[in-house]
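As written in Swiss-Prot, here are the features:
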ACT_SITE  His429  active site, GMP-histidine intermediate
BINDING   Asp120, Cys123, His228  Mn(2+) 1 binding site
BINDING   Cys123, His260, His354  Mn(2+) 2 binding site
BINDING   227-231, 354-355, 403-406, Ser410, 429-432, Lys505  GMP binding site
Amino acid sequence: MVVREYNEELKYIEKISPNSYLIKKGFQPNMNVEGIFYANSKLERLMFDELRNSCRPGMTGGFLPGVKQIANVAALPGIVGRSVGLPDIHSGYGFAIGNMAAFDMSNPVSIVSPGGVGFDINCGVRLLRTNLFEKDVKPVQEQLAQSLFDHIPVGVGSKGIIPMNAHDLEEALEMGMDWSLREGYVWAEDKEHCEEYGRMLNADPSKVSMRAKKRGLPQLGTLGAGNHYAEIQVVEEIYDKFAASKMGIEELGQICVMIHSGSRGFGHQVATDALVEMEKAMKRDKIETNDRQLACARINSVEGQNYLKAMAAAANFAWVNRSSMTFLTRQAFAKQFNTTPDDLDMHVIYDVSHNVAKMEEHMVDGRPKQLLVHRKGSTRALPPHHPLIPVDYQLTGQPVLIGGSMGTCSFVLTGTEKGMAATFGSTCHGAGRSLSRAKSRRNLDYKDVLRDLEAKGIAIRVASPKLVQEEAPDSYKDVRDVVQTCHDVGISAKAIKLRPIAVIKG
């Protein structure tokens, strides 16, 4: 690794617009392309402080600073365009969380890297709307929060209540939301409002280890812990009335439900298994990287293809997982209001993935190319008229769901043409951590965090209260800064702001 004084490091980073910073070749060894990151004045300070701290004598161990991780990704074989850091970027395993990179599938040296997807494969967000308003929910806010908490299994060791045997799991891994539809857990239209229509077709359950399947079998239909949550939210602001109306959001005060979860222990095991195989492939094919956490394999190698097929199965697991929780959420609301989910208009606005690698067609140097786009802590954001988004959103662009930290606002954005050119149709995914989990536990008291939420009028139900400080707003960047930066640089556009009134956490 290159070790330089902080002032020397800064020579490789150039501010090219009010919210954009170029990372020049040479910042890290063997960079094939430049890097770029997006940050406003507040977010920029965090990026540079992290870099400055890493330059101090004796500062070793842990993850590299985000800006170094962006540059190391820029050195991977077959990368095209730039290695992109979104405004919510923070250090992660291999790739930073909030790092997007695309690889030319026609180039035989191009790679796929599990570190570019993350351990929680297809961690993502689903947003449901209702025809209820805050005035309808406020009188029963606590009861509704409890009903949701009772219906959805949450917490570290939570087990699902959706009936599932080994054969069902195999089918769910291959079919994704088509399995949920067949079993009666979703409405037919839910699939239309889901990235990839809730099913990655290249999934192959035979490429998944028995250990992963054993971990995943009891966990379908569970929220898990960490930063995962189910929130009852209120529409607080509408920035784009036309886009909001296409999503079924007409007025302020309307009630929505956001479900944030992923592939649980199943996806984690798929990633762990793949990293072992990738290290062998790297030795055989003499692939060198700047960081051993960037373990990878040629896309068209056996290991590369096996990972992509197993990753797709994990993505399908996550869509079935969120679909099962959608079913349970609809039941909880119907029970509380003594009606049906249909009568409550509990439609899915959209479902997006934040951790995935996908084959997509993009323009590179004026020509269409098939790319493998790695999005880790990054959301696909397709523009109006794109063939991969449903008819309902052809005029608005794809809805992009951005969850805030616990107790803070969330946003719905829309994809833009500029984003297609600048970031291969990618934008931020959330607030992004500013404190590590360990520092959060040391610096914050969970009782204070719970009191603050109650003071804001938020009903809170938590399976593991002592883990709450890890997810406190003080542990994260301000999601408003993140979203505004994306809006200002034009890679996505603000449509709706949502405020939580009830939070269910593991």
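Every residue number used here counts from 1 along the chain in the order it is shown.
From the backbone N, Cα and C atoms, a Cβ is placed for every residue, glycine too.
Each of Gly124, Gly224, Gly226, Asn227, His260, Ser261, Gly262, Ser263, Arg264, Gly267, Ala318, His354, Asn355 belongs to the same chain as Asp120, Cys123, His228, is absent from that list, and has a C-beta within 8 angstroms of the C-beta centroid marking the Mn(2+) 1 site. Most Cβ neighbours within 10 Å among the binding-site residues Asn227, Asn355, Ser405: this distinction goes to Asn355. Report note: the Mn(2+) 2 site is defined by Cys123, His260, His354, and the residues of the same chain whose CB lies within 8 Å of the CB centroid of those residues, excluding them, are Asp120, Asn122, Gly124, Val125, Asn227, His228, Ser261, Gly262, Ser353, Asn355, Gly403, His429, Gly430.
Of all the recorded positions in the record (Ala230, His260, His354, His429, Gly432), the one with the smallest CA separation from Asp120 (Mn(2+) 1 binding site) is His354. By the criterion of other Cβ atoms within 10 Å of the residue's own Cβ, the least surrounded of the recorded positions His228, His354, His429 is His228. On a Cα basis, Cys123 (Mn(2+) 1 binding site) lies 6 Å away from Asn355 (GMP binding site). Here the candidates are the recorded positions Ala230, His429, Gly432. The one whose C-alpha lies nearest to that of Cys123 (Mn(2+) 1 binding site) is His429. Put simply, His429 is the one of the recorded positions Asn227, His228, Ser405, His429, Gly432 whose Cα lies nearest to the Cα of His354 (Mn(2+) 2 binding site).
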